[in-house]
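A.B. asks: Look at TrEMBL and you will find B:6-25, B:32-50, B:56-74, B:86-108, B:140-159, B:171-195, B:201-220, B:227-246, B:252-274 tagged as transmembrane segment.
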């Protein structure tokens with residue numbers, strides 16, 4: 001059953017899961033999960049523009065375009081929030097939908113040009129995990145490696161910036177630079193991922209494993225490691241399940257695996273799980289009742 | 001004639017979304033609208049699988065239910081301690097993934113292809129007509145008029161309540177307004193609006209029409225009435241402008257409508273009175289003059 005191609009896809013999806021799990025935790029803790037969603041949508045015009053300029057389907061060039069527009073989108077969101085009375089939800093919504101709209105306009109223009117028809121740029125919207133080739137995997141593992149190494153290098157600094165910005169500034173850390181690196185790495189993760197699982201489901205890979213890990217742990221190290229593991233597990237499991245039957249698209253199955261993990265944790269986790277919480281509520285109710293009885 | 005109907009549809013999308021969008025922005029729920037616009041896909045697919053028909057009424061019903069479920073699930077996750085952005089993200093991506101999967105499994109060869117749902121095709125609107133009381137109009141126009149009517153009736157009926165629960169929820173609760181009912185009724189309206197618009201501009205770009213004109217109007221107004229009127233006008237302008245730009249470039253009409261709305265937002269953002277960049281610069285110059293003089 002494990003044919004050569006399936007093995008590539010399996011490795012790619014797991015690596016992607018690890019990378020997005022790592023980065024997703026940082027985005028989650030900064031309350032910027034949906035900014036990742038916006039950046040994923042904003043990658044689309046970048047891909048189309050770089051295709052229009054270079055007339056090539058070289059992955060590095062397309063990725064470069066995507067990285068540029070996605071980074072611009074993150075800073076635009078920040079700019080709108082800082083310079084107007086609009087709140088973050090509106091700012092994210094504006095940037096997300098307008099960039100995506102512009103991306104679709106550019107895609108239709110690309111599809112008109114003679115070379116564009118076979119370019120398969122539409123793949124970027126829904127992903128094409130199942131047809132990942134060896135060459136795609138080289139890129140994927142390269143950027144996953146960069147992402148993982150950067151996370152290890154800046155772990156302590158990012159932790160400080162996220163939890164206590166004022167203190168970080170006080171001891172002289174370059175907070176803005178560190179934030180920029182985090183944004184750039186987030187964008188790199190997203191851009192790497194969208195060709196595999198598509199624009200919309202990429203946001204799921206950023207958000208769901210991190211949210212699942214948060215249920216299990218209060219410690220940053222544990223949370224990040226768990227999040228990466230959950231991501232890898234969903235990637236691998238989703239790929240395997242979708243290979244069982246033709247017609248099952250890989251992207252959605254990966255996401256559904258991740259959400260099943262989330263739902264399981266949400267109900268059964270110790271400490272924060274739903275069952276434990278219900279039990280605690282009952283205990284409190286009982287105690288209160290007892291006190292009332294004793295008082296009367 | 002076809003061009004006329006496309007313009008009418010676009011303007012109706014702009015007006016309806018502009019109206020609903022005002023309260024989305026004021027209630028800080030823009031991203032919940034984004035979530036609903038994705039999960040509507042799930043509702044429509046479920047409606048199709050259950051009824052095996054593409055009837056507009058069933059689709060509306062499915063989408064309405066999916067919208068309420070989305071709002072409810074987000075609320076549940078949030079009240080159990082997950083932060084808001086993550087709850088929205090988890091719920092809509094999951095339901096969207098399920099929707100896409102169901103389409104590929106059960107509805108692959110129907111008109112329900114994912115790309116159509118996401119991007120819409122407003123150019124095909126005029127060919128799908130429906131006659132009612134000797135009046136033949138495109139189906140999309142009927143649906144949009146119907147939703148606009150519901151929206152207006154709801155607003156007229158509950159204007160005071162909605163306004164109060166938007167600006168001062170604690171006071172509204174203390175005088176006994178049914179906040180929960182208002183919240184879910186409003187969420188249902190958002191889902192209806194999304195479905196009515198999705199056939200022409202696609203689920204993802206509905207978000208643009210819901211959020212961007214209302215945000216632009218928000219920057220320009222200090223009263224809610226002015227904001228509603230401006231938002232509807234800007235929505236209409238984006239739709240009509242978008243159509244002509246798209247015709248000029250021969251590109252996606254829906255995408256161009258979103259882009260035009262974004263362009264209008266950018267212009268207003270830069271040049272708005274009081275806070276725009278130009279005004280700020282002039283203020284700075286004035287201040288400099290003052291300090292030099294004194």
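One-based numbering along the chain as shown.
Note that Cβ sites are derived from N, Cα and C of the backbone, with glycine treated the same way.
Caution: TrEMBL annotation is automatic and unverified by curators.
Quick one: where do these features end up spatially?
C.D. replies: Long-range contacts of the transmembrane segment (B:56-74) within the same chain: residues 32, 35-36, 39-40, 42-48, 50, 84, 87-88, 91-92, 95, 139, 143, 183-184, 187-188, 190-192, 194-196, each at least 6 residues beyond the stretch ends and with a Cβ under 8 Å from a Cβ of the stretch.
Listed as Cβ neighbours of the transmembrane segment (B:140-159) (distance under 8 Å, sequence separation of 6 or more from its ends, same chain) are residues 5, 8-9, 12-13, 15-16, 19-20, 56, 60, 125, 128, 130, 132, 182, 185, 189, 192-193, 195-197, 199-200.
Using a Cβ-Cβ cut-off under 8 Å and counting only residues 6 or more beyond its ends in the same chain, the transmembrane segment (B:201-220) has close neighbours at 10, 13-14, 17-18, 20-22, 24-26, 30, 33-34, 37-38, 40-41, 116-120, 122, 190, 193-194, 226-228, 230-232, 234-235, 238-239, 253-255, 257-258, 261-262, 264-265, 268-269, 272-273, 275.
Long-range Cβ contacts of the transmembrane segment (B:227-246) within its own chain (Cβ-Cβ under 8 Å, at least 6 residues beyond either end) map to 6-7, 10-11, 13-15, 17-19, 21-22, 26, 122, 209, 212-214, 216-218, 220-221, 252-261, 264.
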A.B. asks: Sequence gap of 6 or more, Cβ distance under 8 Å, 3 or more pairs: do the transmembrane segment (B:86-108) and the transmembrane segment (B:32-50) meet that?
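C.D. replies: When sequence-distant Cβ pairs are counted, the transmembrane segment (B:32-50) touches the transmembrane segment (B:86-108), since at least 3 lie under 8 Å.
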A.B. asks: Is the count of Cβ pairs under 8 Å between the transmembrane segment (B:252-274) and the transmembrane segment (B:32-50), pairs 6 or more apart in sequence, 3 or more?
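C.D. replies: By the criterion, they do not touch.
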